[in-house]
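Summarising the annotation, TrEMBL assigns active site, proton donor/acceptor to D204. The annotation divalent metal cation binding site is assigned in TrEMBL to E18, N154, D204. The substrate binding site annotation in TrEMBL covers R101, N103, E121. According to TrEMBL, the domain 'SMP-30/Gluconolactonase/LRE-like region' annotation covers 16-264.
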Amino acid sequence: MSSVSIECVASEGCRIGESPVWDDREGALLYVDITGRKVCRWSPVSGQAQAIALDAPVSSVALRQSGGYVITLGTTFAALKWKEELVTTITQVDKDKANTRFNDGKVDPAGRYFAGTMAEEIRPAVLERRQGSLYTLFPDLSVVKHFDQVDISNGLDWSLDHRTFFYIDSLSYSVDAFDYDLQTGKIGNRRSIYKLEKEESIPDGMCIDREGKLWVACYDGGRVIRLDPETGKRLQTVKLPVDKTTSCCFGGKDYSEMFVTSASDGMDKEWLSRQPQAGGIFKITGLGVKGVPPYPFAG
């Protein structure tokens, strides 16, 4: 095994860093700071991150086939043109709820944008329960709601054969699988494939590697774990120098580097003095496995 190395590549301290996605066109890492209300783009060439400030919590970002990006902003799906710093609303969800926002989102292999909602937090991971739902924005810009009664809609990805959809509702402490119909985007037959252990804490963002294994960032667990969705076994644990690891993706020229976002919200001065890199973006090399390039939104 090659030795695993971890480096903090962007240390400007997100409040809640989330939704990392590699933009191959730009050779850069996209991510959001949810409560910091900004979309960021970090370049490995300059070592710097640029940011676009927004007027609501922005919880996920994805590539768009026609150029630019799509984001989840408050309770809206929206389009973002980077150079112009222009945001246009596509459609709104949860119109009957006064106190929710989108959380994690990702595009499926057919170019549909899946994203779920949750209640606004009173403090990290403390919120009104079962207020969220899971939605899909289709390329024709229509929206479908799959189910509600969600606590914190989180990590999502698809199996390499596109027949399984993986999903996390964080406060269930479970990684779940659904049967997936790529033609229609329908999901069914929900089951748990992994229950987190106490020290792993809360499952957050997730991605898949080229061997079909899942990587899950553990919020308050300070680690990413690699799972086999077939056997339900944990295969590997990579610990990071911060507790609030939030999400992960593969990137770099050959998708052999893993990027992990983290948060600093909810940490007091003493905690932050022990973990000065909290809210930073980390790059992990030497995992010995590559990831799958992200799919762009087809609409």
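Backbone N, Cα and C define each Cβ position, glycine as well.
Just so you know, TrEMBL annotations are computer predictions that nobody has curated.
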Among E18, E121, the most crowded of the binding-site residues [Cβ within 10 Å]:
E18
What are the other residues, in sequence order, whose C-beta lies within 8 angstroms of the center of the C-beta atoms of E18, N154, D204 at the divalent metal cation site?
S19, N103, D104, I152, G155, I168, S170, G205, A217, Y219, T246, S247
If the substrate binders are R101, N103, E121 per the record, what's the largest distance between their Cα atoms, in Å?
11
Taking only C-alpha atoms and a 10 A limit, tell me which of R101, N103, E121 are near E18 (divalent metal cation binding site). These are the binding-site residues.
N103
Using Cα coordinates, what distance in whole Å links E121 (substrate binding site) and D204 (active site, proton donor/acceptor)?
15
In sequence order, what residues of the same chain, 6+ apart, have a Cβ less than 8 Å from the Cβ of the residue listed as 'active site, proton donor/acceptor'?
D104, N154, G155, I168, S170, V216, A217, C218, Y219, T245, T246, S247
Note: in the chain of N103 (substrate binding site), residues six or more apart in sequence with C-beta under 8 angstroms of its C-beta are E18, I34, S59, S60, T72, A115, G116, T117, M118, G132, I152, S153, N154
Minimum Cβ neighbour count within 10 Å among the binding-site residues R101, N154: which residue?
R101
For the substrate site built from R101, N103, E121, further residues of that chain with CB within 8 A of the site's CB center
I34, P57, S59, T100, F102, T117, M118, A119, E120, L127, I152
